[in-house]
Amino acid sequence: MTSPTLTTPGVRAVARGARRTPPSPLRVLLAVLARDIKVTFTKDFGSFVVQIAAQPLLMLFIFAKVLGALGFTSDGLNDVLVPGTVSYSVFLAAMQAVSLPLVVEFGYTREIEDRLMAPVRTSLIAVEKVAVAAVRGLIAMVLMFPAGELVVGGVELHWSGLPLAVLVGFLGGWAGGAVGLIIGTFLPANKVNIMYALILAPLLFTGCSQYPWPSLARLPWFQVVTALNPMTYSSEGIRAAVVPQVPHLSVLVCLPALVGFCVLLTAIGIRGFRRRAMS
């Protein structure tokens, strides 16, 4: 004679918990992504705005307003500078969103260890950081277009090209985030300041933010140098979208180039991230 099976609410709860499957890696990744984006809009938003706006707007003010008022620049320069400044802001915001926090997380705080304990592949954690950086780049674009127009004024922007500009901005932000991933994983914390001095200036002045790429035909060697900078294709793509009257590279060149840079730079960054994570 068999004894009756006793069941209680506690036993049933344990049984249900045992049958419950762990969350999928994609679900975990999306949760981390949503959390980081929420932090951008709440806790870090004030410092984020100052970080992305101060230098580009000051540069735009000097080049467009001050030098223009002194007669050292032409009337069409503003149409070149505004989208170029937006591109630079997108790239800078995305790069800083990954590189500086990653240096700290891999440094003395070792905060990255909490992320590495998540049930997802290490490479996906790196991709999530770049994705957040691309979103921050788009936020920078949304803020910088009206701010740039307010500083300069009189720029003939074609808002019908805004969807294309957003696509280019997202790819430019992704490339900037991938560069930040490379910086944050390959350089030690005590060399970050030197790195920014050696990287930011070349990125700014070879990224076609102050001049259109076709105008460099008289300097073919420098045209080649700028073609190696992913920010060039972001600047030219945004110009093609919102100021098509300005000479620019074709979108059919900018988009494939940006995608190629995104894939290449992300792959290099993931390699460095995995190396640091295992060390």
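Using N, Cα and C of the backbone, Cβ positions are placed for all residues, glycine too.
For 47-276, the entry in TrEMBL reads domain 'ABC transmembrane type-2'.
Counting only same-chain residues 6+ beyond the ends of the transmembrane segment (45-68), those with a CB under 8 A from a CB of the stretch are 77-78, 81-82, 85, 88-89, 92-93, 96, 136, 139-140, 143-144, 147-148, 151-152, 210. Among the features that TrEMBL reports, transmembrane segment is placed at 45-68 (among others).
Residues annotated as transmembrane segment in TrEMBL: 88-109 (among others).
Long-range contacts of the transmembrane segment (130-152) within the same chain, counting only residues at least 6 positions beyond its ends with a Cβ under 8 Å from a Cβ of the stretch, are 33, 36-37, 40, 48-49, 52-53, 56-57, 60-61, 64-65, 78, 81-82, 85-86, 89-95, 97-98, 165-166, 169-170, 172-174, 176-178, 180-181, 266, 269. Summarising the annotation, TrEMBL assigns transmembrane segment to 130-152 (among others).
Nonlocal intrachain contacts for the transmembrane segment (164-187), taken as residues 6+ away from its ends with a CB within less than 8 angstroms of a stretch CB, comprise 83, 86-87, 90-103, 106, 126, 129-138, 140-141, 195, 199, 230-231, 233-234, 237-238, 240-242, 251, 254-255, 258-259, 261-262, 265-266, 268-270, 272-273, 275-276. Look at TrEMBL and you will find 164-187 (among others) tagged as transmembrane segment.
Away from its own ends, the transmembrane segment (194-213) comes close to residues 63, 80-81, 84-85, 87-88, 91-92, 183, 187, 222-223, 225-229, 231-232, 234-236, 239, 246-249 of its chain (Cβ-Cβ under 8 Å, at least six residues beyond either end). The annotation transmembrane segment is assigned in TrEMBL to 194-213 (among others).
Non-local neighbours of the transmembrane segment (249-270) in the same chain are 123, 126-127, 130, 164, 167-168, 171-172, 174-175, 178-179, 181-182, 185, 213-214, 230, 232-234, 236-237, 240-241; each lies 6+ residues outside the stretch with a CB under 8 Å from one of its CB atoms. Per TrEMBL, transmembrane segment is recorded for 249-270 (among others).
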